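Feature annotations, courtesy of TrEMBL:
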type	residues	note
DOMAIN	12-199	domain '3-hydroxyacyl-CoA dehydrogenase NAD binding'
DOMAIN	201-298	domain '3-hydroxyacyl-CoA dehydrogenase C-terminal'
SITE	H155	site 'Important for catalytic activity'
TRANSMEM	12-33	transmembrane segment
Amino acid sequence: MVQTSEKQKPLVAIFGAGMMGSGIAQVCIQAGYPVNLYGRSEKKLLEARETIKKNLIRVASKKKVDVPLEPEALEQIALLQLELLQIHTDIASATEDASMAIEAVAENLDLKLDIFQTIQKTCPQTCMLITNTSSLKLSQMLPVIKNPSLFAGLHFFNPVPVMKLVEVVSTDETSQETTEFLFNFCKEIKKLPVAAKDTPGFIVNRLLIPYLMDSIRMLERGDATKEDIDTAMRFGTSYPMGPIELCDYVGLDVLQSTLKIFRETLPGDARFNPIQLLDKLVAEGKLGRKTKQGFYTY
């Protein structure tokens with residue numbers, strides 16, 4: 001197992017250049033880790049790189065200094081950090097010399113299995129294989145993992161540069177050395193790790209998804225308006241965001257997919273039954289903030 005050091009940190013390969021993948025890449029390079037970011041589209045990779053650059057400039061501008069830095073100086077700081085980031089459209093080149101491979105692709109089991117099978121053709125035998133799944137059980141991926149002792153989960157939360165928590169998920173076959181490495185890694189990238197067992201939804205989503213679904217059902221029944229549901233939970237529990245607006249932030253298609261996964265892994269649990277209102281909005285393409293319309297219009 002490669003250990004981190006101040007002189008040279010191990011290479012992290014990240015698969016998926018969307019919000020999650022680019023966010024993980026950003027916090028890694030901020031902590032001094034070299035990163036290979038893989039995506040199928042060079043255009044999307046360049047967009048991800050530009051987003052990371054803008055975020056790094058924003059972070060640098062907020063640091064307390066005696067004299068505020070000029071825009072040119074802030075950009076130079078970001079460009080220096082970006083030297084740690086390499087983008088790839090070829091999996092073989094992305095995995096070469098990687099000590100850790102993190103998949104951050106869509107929440108689709110077949111897609112994740114395909115990624116891991118492809119990664120293992122070219123990555124070093126000592127490379128840790130990490131899934132960023134939010135709801136799939138890791139045991140569902142184990143059949144394609146050659147060395148289960150090096151396989152685990154790191155569930156980051158969106159937006160990654162802002163959210164502190166990471167769920168470190170281990171299977172019965174994950175080695176203690178791998179788990180300890182991942183806890184130290186999370187701390188180095190300024191995250192707060194918690195240990196979670198390989199159960200559906202781990203800790204946060206196992207509690208959060210039923211809460212969000214209950215809020216949608218309450219709205220569907222007409223028990224309260226979406227505005228009053230959100231206001232009640234924000235000011236009655238000091239939550240920073242109400243459940244209906246949080247649904248829009250997460251993405252209604254993501255919630256629908258997660259609900260399906262829970263329904264399949266926990267059959268018979270009525271909390272995860274389909275919700276007509278949610279299905280209707282998704283079918284209409286109203287997915288939340290990312291489409292400018294969901295339960296609310298943005």
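Glycine too: its Cβ is placed from the backbone N, Cα and C atoms.
Quick caveat, the model's predicted, so the values are computed rather than measured.
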Practice problem: Starting from the Cβ of H155 (site 'Important for catalytic activity'), draw a 10 Å sphere and report how many other Cβ atoms land inside it. | Solution: 22
Quiz prompt | Model confidence over the domain '3-hydroxyacyl-CoA dehydrogenase C-terminal' (201-298) (mean pLDDT, whole number) | solution = 96
